[in-house]
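Take a look at the structure set out below.
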Amino acid sequence: MSASRNLTPLLSTLLRRWPASAAAAAYAPALRSYATAAVAASAAGSSTQTASRRTVSLGLLSAGFAATCAFAAPTSSASADSSSGTTPESVLNKVRSTISQMPGMEWAAPTFHVVFVLGGPGSGKGTQCAKLVEEFGVVHLSAGDLLRAHVKSGTEDGNMVKAMIAEGKIVPSSVTIGLLKKAMLESGKTKFLIDGFPRNAENREAFEKEDGIDIHFVLFFDCPEKVMEKRILSRNEGRSDDNVKTIRKRFKVFIDQSMPVVNHYKGMGKVHWVNSNRDPEAVYAETRKLFENF
Ligand SMILES: Nc1ncnc2c1ncn2[C@@H]1O[C@H](COP(=O)(O)OP(=O)(O)O)[C@@H](O)[C@H]1O
Ligand SMILES: Nc1ccn([C@H]2C[C@H](O)[C@@H](COP(=O)(O)OP(=O)(O)O)O2)c(=O)n1
């Protein structure tokens, strides 16, 4: 039986169990791409069949995730929202228990494949990630961008993040990992560049406790402080932390807290060091080679 014939009825059953709300139309494109991901995941062998049991993988999980969001937050936007009590964990638990109750179904968590992209502020992480997305179709998740978007939520949590970023401090992992996991699940994809994370031991240790994540390697962009400072000061993105005083604090945090993370992974032989004090094309020519087998 083909993968699509296996999965389509299951998807319909799942959606029937979580009745569509008025907001379901907003989820239609996501559901379509998740259904496609389900078929692709199954065809690639990440969904296995035994004589009597079927294993459900990423696509179905993601379809369930989107359906649950539609069910749990019928009037809000197409994403899980911690302020309404819908967290990635609660959604996953709901999907997991529904799938487990379906006859002949077995739960299997997807594996997310991750490359951490690290380097000082202004070393060129975002610039290189954009090129990798274009060539390799990986998903780029910038911890800094996710945190800045969270600030816009105007919640108490968002205000705390705003104050920490303005001071160049590192936000607690509970917030950053929650945002990363939500973005990973919502993408419906499995390969990620995680840019600007983990930035300290607390980030790293908390992330390593998460299930189903395979850390392939760490891409480290090495650039002198003077060069990074000059780049940041001409970045012009209107960021509250791109001023000389905060930049200096961020450099100190980078040396004191982020370099030990890089050295931790270096000790495990997992760091690819790239000199980013060259023009962006020269940096990319070296960087892209690391992704040919990712
Ligand atoms: N190799 C490079 N040479 C010169 N300028 C660069 C290079 N890479 C990035 N930039 C510029 O420097 C600034 C910081 O780069 P960015 O990618 O935002 O760094 P990061 O994400 O590490 O903070 C941006 O304005 C970017 O256009
Ligand atoms: N894992 C992370 C990543 C970023 N942050 C906060 C603190 C950082 O100074 C800001 C900006 O991060 P971002 O990666 O966008 O910054 P740079 O591009 O490296 O200058 O966000 C954090 O608290 N935890």
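For all residues, glycine too, the Cβ spot is worked out from N, Cα and C.
TrEMBL names Gly122, Ser123, Gly124, Lys125, Gly126, Thr127, Arg278 for binding ATP. Of Arg199, Arg204, Arg235, the residue it gives for the same site is Arg235. Going through Arg248, Arg250 against TrEMBL, the one listed in the ribonucleoside 5'-phosphate site together with Arg148, Lys169, Ile170, Val171, Gly196, Phe197, Pro198, Arg199, Arg239 turns out to be Arg250. When the Cα atoms are compared, Asn203 (CMP binding site) and Ile170 (ribonucleoside 5'-phosphate binding site) turn out to be 9 Å apart. Rounded to the nearest whole angstrom, the C-alpha distance between Gly122 (ATP binding site) and Pro198 (ribonucleoside 5'-phosphate binding site) is 16. Cβ neighbour count within 10 Å across all protein chains ranks Pro198 highest among the binding-site residues Gly122, Gly196, Pro198. In this structure the residues listed as binding ribonucleoside 5'-phosphate are Arg148, Lys169, Ile170, Val171, Gly196, Phe197, Pro198, Arg199, Arg239, Arg250; their two most distant Cα atoms lie 21 Å apart. Close to ligand 2, meaning a Cβ under 6 Å from one of its atoms, are these of the binding-site residues Gly124, Ile170, Arg235, Arg278: Ile170.
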